[in-house]
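Have a look at the structure below before the remarks.
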Amino acid sequence: MNSPNVPQTPGPVVGPVVGVVGAGQLARMMQQAAIALGVELRVLANSRDESAARVIVDTRIGDYRDLGDLSDFAKGCDAVTFDHEHVPTAHIRALVDDGLSVHPGAEALVHAQDKAVMRERLTEIGAPCPAWARVSELSDVEAFGEEHGWPVVLKAVRGGYDGRGVWVCASADEAREVVDSGVPLLAEAFVPFERELAVLVARSPHGQGVSYPVVETVQKDGICVEVIAPAPGLAAEDAAAAQRVALRIAQQLGVTGLLAVEMFATTSGLVVNELAMRPHNSGHWTIEGARTSQFEQHLRAVLDLPLGSPSPTAPVVVMVNLLGGPDPDVFARYEHVMANDPGIKIHFYGKDVRPGRKIGHVTALGTDLDEVRARAWHAADCLRGPIDV
Ligand SMILES: Nc1ncnc2c1ncn2[C@@H]1O[C@H](COP(=O)(O)OP(=O)(O)O)[C@@H](O)[C@H]1O
Ligand SMILES: [Mg+2]
């Protein structure tokens, strides 16, 4: 007999199964899109407490670094994709050899996993990059600084995110500690950018590509804090050029699924910063702000379905990230934020609130840039918690 107190799991699946390796907020937001499409999402989580594991019935617990766990997880999936970029390349190849449909594939994904491989390939295909070099000794950094000037930006070749793994070094002295840590590094010329832009494109296995409007992203301490769509004041021909660069990278690298291209806008044109091959923070605005959200688009692409319209739903859309503040009880402040501005959309990822951690975001839509930005920032500031004065 079934007891009402014992959780029951559903019977056989009724739609295509998409396996997502990783169970952070990106997988969680993919679930919203999967519900509407009747796609069955399965996630590989480290624990049932992770953001997506809390809301996805078919959560499997395992280690993505273990090929056995990964193969068991992927069995029976119509497509396999990722919430993060850390799955070893050889494991992805092994899944493909087993006949699984994995998007993006290993050959494409390595460009989002390894910043030196990315720079090599972008240079090869003629995409605009800062001067760069692999460095292993302090003397390599010194030589690079001599040639291209200081500061020199050192980056961990693998594993960095949210600015962890990026060091702006004003001198060889500052670089010493980073080099001594033994982390494999590349050096980049410091780009004195006017602002940062991002272009999100989707490419399906049958080769269809679409681009979302170019957005402006604002980083603080290496973490994205705000995204403005479309990028204010960007000339139509510059926006089209940025979209062309992103679509060309997707095509040349054989990306399937989403590709986010982070760029620097400089007085002498665009420079590509880095690539991500999954839903991206610079695309969260699309949930309410575009006809097809990035999460739906990613599911369409990995299932090789026709892509959806990326058209915006409002003239101005602003997304502000919610970083953990002093008071963990974010929900207690919903009442004020919602009453104050019924148009604000709150996204809260079900993660533990820790200072500085990305725990959610808010989105505001409208017509006047200053007004929409002010609304989004007010909501995020209130949710973050009382500020001591
Ligand atoms: N070559 C550079 N010149 C100037 N600023 C840079 C450079 N590279 C990175 N940055 C700054 O550091 C941020 C994080 O660097 P990024 O390579 O995107 O690392 P992450 O993988 O942590 O996002 C960028 O968004 C930008 O603000
Ligand atoms: Mg980045």
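Glycine is treated like the rest: Cβ placed from N, Cα and C.
Same-chain residues at least 6 positions away in sequence with a Cβ under 8 Å from that of GLU188 (ATP binding site) are, in sequence order, ARG119, PRO130, ALA131, TRP132, VAL152, VAL153, LEU154, LYS155. For LYS115, LYS155, GLU188, ALA189, PHE190, VAL191, GLU196, ASN273, GLU274, the entry in TrEMBL reads ATP binding site.
Here TrEMBL flags 119-303 as domain 'ATP-grasp'.
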When the Cβ positions of the binding-site residues LYS115, GLU188, PHE190, GLU196, GLU274 are compared with the atoms of ligand 2, which fall under 6 Å? GLU274
Other Cβ atoms within 10 Å is the metric here; tell me which of the binding-site residues LYS115, PHE190 scores highest. LYS115
Per DSSP, to which secondary structure element type does LYS115 (ATP binding site) belong, with helix, strand and coil as the options? helix
